[in-house]
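First comes the structure, then the notes that go with it.
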Amino acid sequence: MHSASKSWLLLSGFVLFYIIYLLFGALVFSSIERPAEDELRRDTQRLKEAFLNQSCVSAATLELFLSRVLAANKHGVSVLRNSSSRSNWDLASSMFFANTLVTTVGYGHPTPLSDAGKAFSIAYALIGVPFTMLVLTACVQRIMQPLVLAPVGLLQRSGLKPRPATVVHFLLLLLAVVLCCFLAPAAVFSALEASWTFLDSVYFCFISLCTIGLGDFVPAARPGQPYRALYQVAVMVYLFIGLMMMYLLLRTFHKMADVHGLTTFFQLPRCEASLMDDDTEPIVGNDPTPPRPKDRPATKPLDPGSQPSYNSINKG
């Protein structure tokens with residue numbers, strides 16, 4: 001099998017195992033957290049009924065009721081009637097939570113209720129976060145050639161010198177990322193989320209792809225959201241592709257800094273190799289067999305009378 005085919009096959013295996021890992025996490029989170037969520041939902045409903053049955057409500061009782069309602073809402077359980085039937089730990093929602101956990105986006109809505117769920121979150125993230133970074137790095141390494149090296153070479157063949165070519169390419173790539181990963185998805189989110197403005201959607205895209213994840217805007221959290229499971233899966237795909245493009249953009253900027261001498265000026269490490277020599281040793285490698293050295297002619301014995309000198313060294 002050709003080395004490039006092996007590389008793409010290994011990358012496909014990485015992505016497939018990543019999806020299986022998310023499904024595994026979703027099943028475990030759903031089995032652990034859904035019973036705890038149901039219990040919290042019943043407690044909240046009983047609290048609501050007890051509060052409504054009181055003929056006279058004191059300030060202390062109101063404050064206690066509000067504090068417990070806000071605590072339940074923090075875990076995704078609401079006292080509102082139109083929100084009582086929707087679970088935050090079905091398979092799609094659990095997979096969405098697992099995805100935000102391993103990508104370090106972490107919206108914080110919902111959060112694990114049980115001690116077992118919190119302990120599993122730690123163990124799951126310890127493996128999932130570095131593995132996600134590995135998969136993203138491998139994907140970026142595979143798309144460096146068609147999206148970075150080939151366009152820069154095309155710009156150079158069109159007459160631009162290496163430094164202007166890298167600047168033009170970086171600006172074009174930045175424009176494409178802004179359009180495809182921020183503005184276009186923001187338009188979709190503002191259409192699907194009734195309470196989001198276009199600025200709110202751009203803000204959500206920026207917070208998500210920078211892995212800040214404040215949690216003030218969470219997709220598919222609206223009660224009665226149509227096709228909620230499909231919507232959450234689409235957001236997961238968007239997050240993965242968006243994070244991959246952000247990493248590609250940062251790596252391209254690093255390589256542009258190498259060409260312009262900025263990394264040397266600030267005494268920073270270079271981005272592996274030169275701009276035109278990338279992907280010589282990819283993570284999802286080509287053929288692991290090292291190249292065989294070329295046959296060299298047998299060296300002739302030195303003349304015993306010959307002595308090395310600085311002139312002979314310089315001529316060599």
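Cβ from N, Cα, C; glycine included.
For 306-316, the entry in TrEMBL reads compositional bias 'Polar residues'.
Summarising the annotation, TrEMBL assigns domain 'Potassium channel' to 83-144 (among others). Confidence annotation: the domain 'Potassium channel' (83-144) carries a mean pLDDT of 91 in the model.
The domain 'Potassium channel' annotation in TrEMBL covers 178-256 (among others).
Residues or ranges marked as N-linked glycosylation site by TrEMBL: Asn82.
Taken from TrEMBL, the feature region 'Disordered' covers 277-316.
As annotated by TrEMBL, transmembrane segment applies to 6-29 (among others).
Annotation comment: TrEMBL describes 122-144 (among others) as transmembrane segment.
For 164-189 (among others), the entry in TrEMBL reads transmembrane segment.
Per TrEMBL, the feature transmembrane segment maps to 201-218 (among others). Taking Cβ pairs closer than 8 Å, the transmembrane segment (201-218) reaches residues 100, 103-109, 181-183, 185-190, 193, 239, 242-243, 246 in its own chain, all 6 or more past its ends.
Summarising the annotation, TrEMBL assigns transmembrane segment to 230-250 (among others). Tertiary neighbourhood of the transmembrane segment (230-250): same-chain residues 22, 92-93, 95-96, 99-100, 103, 105, 136-137, 139-140, 143-144, 147-148, 173-174, 177, 180-181, 185, 192, 205, 208-211, 219-220, selected by CB-CB distance under 8 Å and a gap of 6+ residues from either end.
Residue counts for the domain 'Potassium channel' (178-256) under DSSP, helix first, then strand, then coil, are 56 helix, 0 strand, 23 coil. Sorting each residue of the domain 'Potassium channel' (83-144) by its DSSP state yields 43 helix, 0 strand, 19 coil.
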